[in-house]
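**Student:** The structure's right below; bear with me while I get my questions together.
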Amino acid sequence: MNPPGSLGVLEEKEEEHLATPILGPSIHSDNPQERIQARRLRIAARLEARRREALGEYLDGKKESEEDQSKSYKQKEESRLKLAKLLLCGTELVTNIQVATDTREIHRQVEEEEIKRQRLEKLENEVKTSQDKFDEITIKWEEGKQRRIPQELWEMLNAQQVH
């Protein structure tokens, strides 16, 4: 139950509320769509007020002085140019790093190919040299098999060990 004194206050507030003309949807309506629309309009009005405040307009419609506007415009423009320059420099730096890395990788691959080629060449030379020595040893063994005198075999064996 309500105390008797509070009814008078509620009635006055109700009368004030009813006395103010409602120019659109009301949040006190029984229709849910109308309440939603009223909330949307309040949010839009709030956003518009913030936008005006950001632009320097006051609620009474006055604007900041032109000098303040020109200073803020210059500051915005300088900031925009600094940001654009910073973005350009950052992009250029990243690109230069990528180019340097790519160049370094290409040089590394070229050096690796050269080292691989030199290794293969060295291996081929060793194979040829080893094959020549093996052929020479094989020929000497054939000559050794044909000789029957032990002193000649002994001399050949010593000569071959010296080589």
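Cβ atoms are placed via backbone N, Cα and C, with glycine included.
Since the structure is predicted, the reported quantities are computational estimates derived from the model, not experimental observations.
Not my notes, these are from TrEMBL:
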COILED    103-140  coiled coil
DOMAIN    99-161  domain 'Dynein regulatory complex protein 1/2 N-terminal'
REGION    1-34  region 'Disordered'
REGION    55-77  region 'Disordered'
**Student:** Counting only residues 6+ away from its ends, which parts of the chain sit with a Cβ under 8 Å from the coiled coil (103-140)?
**Tutor:** 156, 160
**Student:** What mean pLDDT does the predicted model reach across the domain 'Dynein regulatory complex protein 1/2 N-terminal' (99-161)?
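**Tutor:** Averaged over the domain 'Dynein regulatory complex protein 1/2 N-terminal' (99-161), the predicted model reaches a pLDDT of 88.
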**Student:** Taking helix as H, G and I and strand as E and B in DSSP, count the residues of the domain 'Dynein regulatory complex protein 1/2 N-terminal' (99-161) in helix, strand and coil.
**Tutor:** 60 helix, 0 strand, 3 coil
